[in-house]
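Accompanying notes for the structure given below.
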Amino acid sequence: MKNHCLTISITHTHTKQAYRGSAKPATSPNRGRGGRQTMEAVLMQRAAAAAAARWRFVLTAGASHGQQPAAGVVRLAVARRAPGGAGVRATRLGPVRAQVVAEERSREAAGGERAAAAEEDAVVRLFVGLPADVVVSDGRGLSRPRAVSAALRALKLLGVDGVELPVSWAAVQPGSGDWFEWAGYRAVAAMVRDAGLGLRVSLRTDGDALPEWVADAAAADPDVLFTDRSGCRREGCLSFAVDELPVLVGKSPLQAYEAFFRSFADEFKDLLGSTITDVTVSLGPNGELQYPSYPPGSQRADGYAGAGEFQCYDRYMLARLKRHAESSGQPLWGLSGPHDGPRYDESPESSAFFKEPGGSWKTAYGEFFLSWYAGELLAHADRVLAAASRAFGGTPVALSAKVPLVRGSRPAEATAGLHGGYGPVAEVFARHGCTVIASGVEAQLDAPAEEVLARLKAACEEKGARLAAESVPLTAARDAAGSTGVWLSAGRTRPCQFTYQRMGADFFSPGHWPLFVQFVRALESPEEPHEDDLPAGTDGGEQLTVPSSASAPQAQGNATREVQTV
């Protein structure tokens, strides 16, 4: 990543203090004269003291209504978790002085527990994804630890609940034996704990997270990979049909996944439930529960107009199809996949299989094949989630997994393996107490995407599963309209948590960081924005600025406090 610098500039009229990001808050150079700690330490202490009263504090940008801040006064933004409200976490943000008067909190005995439950249900916890390369490839160390530490403090001050850490199977298990390397990830978890943030961990077993010894097994037997009708293999995607077969140096993928999960649970048992609140397991390409039905080189099933291709042509999947057809009394239906199935970029209307009317997907054969195809996907999810449940059973962490929001047509859903809709998926997740994460969500949903998300939430509510959401990369940078994130506070789409992807040089760039600040404030108070809530002040008061390293301001007169980040 490029070497950028995040600078949080907070100007005080009569103070001259400076600090550089470090693992622990430093004492003020003026402590001997004025008895003051650094502003960072003061903010952390006040935020911790206020947490019990369910207040949240973040830096504001600009003085209130043109007033100049008094010497040494820090302005904060206040967000209170209001019970029963349609909002996410708070009342409207606005600048206030650091002298905070604790609110007397009392509840009437009747209905108090119900009000508390409603309050928690209304809260959307906000996470930010850490850089994908935060841990070096051999798993033994960190990439730019001082930058990551400073970034964590910046997120804490902004009011973010926690961060998401992608854990690569390839980094922690370089060989096929029972040895795992966790040193780098332990270091990250310790930094997150010390920063006072929560940690959501994503255990990746797909794509570039496949260990070299697994890739070698795939090279020796390419049929362990998903294969389309043309014989094209999907690199990094193990076929669901080999879950329980000893194709990986005498072990099955399912055994290998469970060993990975158990090793993590054993290594981090002291942090599970405290710092580590949520563990996400991978169920397919990009970690999502789907077939890789989209064109090679694409990242998602909804980023193109075609119907996609079926992925059932490796010999193991064809063997399962053959056995299923024979047991159904239709042996000829198990000889291959649909002969008239679509190509990747072929529109559903031009596909003989999906055309309307008269497409073979509406025939008895079509229903047989699509039901089997979707059933294989659900069976894979059931097997992997059962392995994760065994590994994390008895621990206080929440288990979760990702599901794609396929915003295309019903044929696109069918080739991705979601022929039965989201109801059967939510049922499998609920069976294992697993949270459904809607993956690839934009900051501002269009009507079709919002409808898909609403259907997914309805399915989760019906089956008893919780719904979370995860954004596409740098979503606010591409869509910074005033209504950004409004769906997060709407009852029909509100998730229990939202993960914003992903931290890095672009995340802290001048073009993105102010938009993210605005996004966080919109989460805190889903109503019309006010000029006091803009990312930067314009009246000479305190300012929150995020220049790149090339354009970082020089301290002149008043002190500029710099925090280096990734």
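From the backbone N, Cα and C atoms, a Cβ is placed for every residue, glycine too.
Residues or ranges marked as region 'Disordered' in TrEMBL: 16-35 (among others).
TrEMBL lists E288 with the feature active site, proton donor. Long-range C-beta contacts of E288 (active site, proton donor), restricted to its own chain and to partners at least six residues apart, with a cutoff below 8 Å, comprise K402, V403, P404, S439.
Each residue in the region 'Disordered' (328-353) gets a DSSP state, and the totals come to 7 helix, 0 strand, 19 coil. Annotated region 'Disordered' per TrEMBL: 328-353 (among others), in sequence order.
Annotated active site, proton acceptor per TrEMBL: E470, in sequence order. Long-range neighbours of E470 (active site, proton acceptor) (same chain, six or more residues apart, CB within less than 8 Å of its CB): K402, I437, A438, S439, G440, V441, F498, T499, Q501.
Feature annotation from TrEMBL assigns region 'Disordered' to 526-566 (among others).
Look at TrEMBL and you will find 545-566 tagged as compositional bias 'Polar residues'.
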